[in-house]
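Q: Sharing a structure below in structure tokens format, with a few things to ask.
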Amino acid sequence: MKSTYGVYLAEYLSHNRFPEARPLDYALIGGFNFSVAMIFAPFVTILARETGARFTMGLGVVFLVSGFVAASFVKRLWQLYISQGVMVGLGIGLVYIPNVAIISQWFDKKRSLANGICGAGSGLGGLMFSFTTEAVIRKLSLSWAFRITAIVVTVMLSISIALIKHRNEAIQPPQRGFDTKLLRRTDVLLVVSWAFVSMFGYMTLLYSLPDYARSIGLSKPQAASVNAMLNLGTAIGRPLIGISSDRFGRVQVAGSLTFFCGIICFAIWLPGTLYGVLILFALLCGGMLGVFWVAIGPLCVEIAGLRELQSLLSLSWLFFAEVIALKLRRPESGREYLYPQVFAGVSYIVATSIPTWKWRICILACLILQHA
């Protein structure tokens with residue numbers, strides 16, 4: 001769902017649906033899909049502890065469906081903020097936060113691979129949603145795109161909620177909403193810093209790529225195809241990231257892929273003005289840019305252990321940033337997305353500069369203390 005916002009963003013920017021809206025408004029609405037979900041993460045963790053994962057995720061489905069349906073009837077910008085921004089964002093948080101730790105509970109040696117396979121599902125979903133959303137907007141209307149999304153979300157998430165099963169009874173996690181003691185640990189601060197900086201690049205790419213395609217003269221179907229290829233790369237790349245992480249180390253793989261993602265932003269995206277080049281970039285970058293979603297769960301287990309996993313994840317979510325790429329956009333210039341491209345590349349490279357060797361030492365020290 002969140003991967004498809006780039007299609008909506010391109011539609012908003014190319015049609016003056018809300019005369020009072022600025023590009024920054026649309027960036028903030030998309031950013032709310034992340035920030036609202038993650039800001040409420042500690043409260044969602046507590047709610048899941050008190051009421052159970054299924055109830056919490058079911059409540060998330062209610063918010064998601066209500067948000068999409070409400071967005072199909074909006075007439076003013078503030079209504080879009082509440083519906084597609086806040087309500088959808090809260091729904092994503094209620095659905096995602098309770099289940100993100102569950103996969104790691106069931107695996108040990110192949111934990112990263114398991115998370116990668118699950119992450120591939122979001123890539124396949126984004127691939128299908130990208131094509132169908134653009135087609136529905138073009139052939140029916142924007143309103144019907146929201147309504148059809150609400151129907152699909154209801155069916156698919158209902159199946160997921162029925163099948164989900166945790167191991168909280170055996171592991172006995174405290175499920176604290178916010179454990180400030182974790183902030184005193186260097187390894188935790190390094191993980192959070194890496195997540196914070198790399199997500200600037202991730203969100204810039206995820207939301208800006210379809211509109212960048214439009215800005216260089218590509219058609220709407222071509223822009224949707226670029227977004228779809230980004231998600232296809234995610235579907236292919238995340239299981240491979242999981243396999244590599246289990247074999248070569250989660251810290252090493254996360255750091256390397258973060259660095260390479262920054263490099264190809266400068267080497268391919270920055271000079272890329274042809275459809276074929278953009279497709280290549282989307283496939284390559286799609287396989288790497290979501291390394292956070294594959295790595296964060298297993299990394300938190302290594303640092304804090306299974307019992308503290310949800311508390312550490314709640315802490316990590318609080319440091320997410322909103323989309324700022326559209327503020328850097330320069331529509332009046334010949335290179336409309338030059339600054340967002342540079343910003344994305346620099347974000348990934350700066351994230352890589354976090355001293356991974358020290359990070360690894362901290363993790364090993366924690367493991368030694370846990371087994372002492």
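Numbers run from 1 along the shown chain.
Glycine is no exception: its Cβ is also placed from the backbone N, Cα and C atoms.
Sharing the features that TrEMBL gives for it:
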- 26-48: transmembrane segment (TRANSMEM)
- 55-74: transmembrane segment (TRANSMEM)
- 80-101: transmembrane segment (TRANSMEM)
- 113-132: transmembrane segment (TRANSMEM)
- 144-164: transmembrane segment (TRANSMEM)
- 188-209: transmembrane segment (TRANSMEM)
- 253-271: transmembrane segment (TRANSMEM)
- 277-300: transmembrane segment (TRANSMEM)
Q: Counting only CB pairs under 8 A, let me know which of 26-48, 80-101, 188-209 has the most with the transmembrane segment (144-164).
A: 80-101
Q: Hey, does the transmembrane segment (253-271) touch the transmembrane segment (188-209), meaning at least 3 C-beta pairs closer than 8 angstroms, sequence gap 6 or more?
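A: Contact between the transmembrane segment (188-209) and the transmembrane segment (253-271): present.
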